[in-house]
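Structure first, then comments.
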């Protein structure tokens, strides 16, 4: 009892036995809780509005400073490149003209369901405002300027992957992030991504002259000082065509005389340098005679006044098959027929002039239909990091040839393919057709579904790996420091019973499949063609693959498969297992999104060699149905090894589905012959181990040695191939 009295003295409301008091106390507590919650929400809303007003005041301050004649920058005007975007994507965006919010709630009529978005700098504008927008977009050409100058602008988007180090003012080293109480408005350079306070800009401009060094990606960026805008004069088209053709003819003749003179003077040296390339002299003469203008140090393709290559003109080139092993002795960077030359040139707005010999720009190809179809956002992020001129979008009407034509006179450049395995093969085919003396090495940004080639080159299995590697900026830096390796390419000929080709040959980089796996790929391909909107993410793509595979489990379509195909490897007949429902010929160690079919660590098969993507040998395995494919995917089973060899024949005795690198079709009875076609240079992300860094450094040293004419392109190619073989 005494204890109850003491407890009641300390907590009278809790221990009161009066029900009315209890209800009142609970009501009071609930009221206090609601009041506290409302207060917190009010404070949060006030803080949000405060922050929003601060950001808006910053934007207005920057806009006012840009209108100040004394503060205008000496940069050529560049209009925005507008495209339509749904208003749902306008969240947290302000119009770059009226500075009003573009939130979706303000879309009242149907005409306002879209807005204009700049594909280069990310600026947004209302329909009625876009025509009045200031011409302060990224200026891709600064020909005539002595130095690249900063292009200060409002940071309309966060897609530039800002790092912690770049969030400070480049002049005063103070933080550029806004505080709760405000702060100083900032500018962001569209080239180097550095930030500067608007108040600091005048002092910085007086001290440095606003010279921009293009930032940490300067070697990959196509410098605007060397990008020249093409001027077209329709009225003088015929006369200019004649003049242009005469200039080309004179330039080519002069170059031939110089080459012959150089060969006379350096006969012994050339024969020692080229080694066994003498047998290709007739072939090189033939190839240069039947093509249009070719490019090297003296072979000017456009204007004779523009020369972007210097070096020995007697270096090797690729043979008629585009192979890397044997190269003719005439140096050139690319070949185009007259019709193709004029057709490609008409599609370009710019050309490259007087690039320095140590330039290493990156040529980017994007296939926005690959995988999750995120090409638009990826393109805009690349426009922010690089020069928009060096970024090309692939489509059914424009292939890689246009970009390669623009870069045809660049002695050393690298290629980035943003897409899947099919896109990578498309670009490799186009590179091979140009007969580059120094073929560019290719890196892959995995934007497809399986991304098998990207996996074996350490670039990851999807766009999620880009963020895990530190963002797009880090990936671009990894490309600059990547090691060059080689990839075997295989020619697949489709022959009838008489040995005649039924269609042009196809080329394989990853694998070729016949049977159940090709059937699943064909079903997915048809579904994508009918309903492309269903393939909006890499995960959903794999779910659809799994669904189609599950359907095929109950379908015994390939129970007679072992008697419908005959396999021959290096002239030896290979027995197809009776439970086989598919045959796979693999060139790389990744299939169907990361499945290792050969498994080099497996010691069960002692009579087989480890798999390699540049040993000029393919591996043949069998799979026993779609259920087996599913178990391979989760690591519960293994493919059955059948053979290894350099020449494979697969005879189809019945109509069967076939796929090459994920591109499927139904094939009537025929014979598929697979033979080694050549090798392509690829970029492999350097691992953390010292060996990976050493390979990247050696690659850079060899490129510099070729630039300084210590070695020629043929010698560099041979050394790179040898290095790739020894370091694997």
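Glycine residues also receive a Cβ, built from the backbone N, Cα and C atoms like all the rest.
For the residues 263, 323, 500, Swiss-Prot attaches the annotation ubiquitin cross-link to 500, which does not rule out the feature elsewhere. Listed ranges 27-48, 49-70; the one Swiss-Prot annotates as transmembrane segment is 27-48. Annotated range for region 'Disordered' in Swiss-Prot, selecting from 201-232, 265-296, 361-392, 393-424: 265-296. Looking just at the zinc finger (79-137), the mean pLDDT is 80.
Residue counts of the zinc finger (79-137) by helix, strand and coil are 12 helix, 16 strand, 31 coil (DSSP-based). Residue with the densest Cβ environment among the recorded sites 491, 500: 491, by other Cβ atoms within 10 Å.
Spacing of residue 491 (ubiquitin cross-link) relative to residue 500 (ubiquitin cross-link) is 15 Å (Cα to Cα, whole number).
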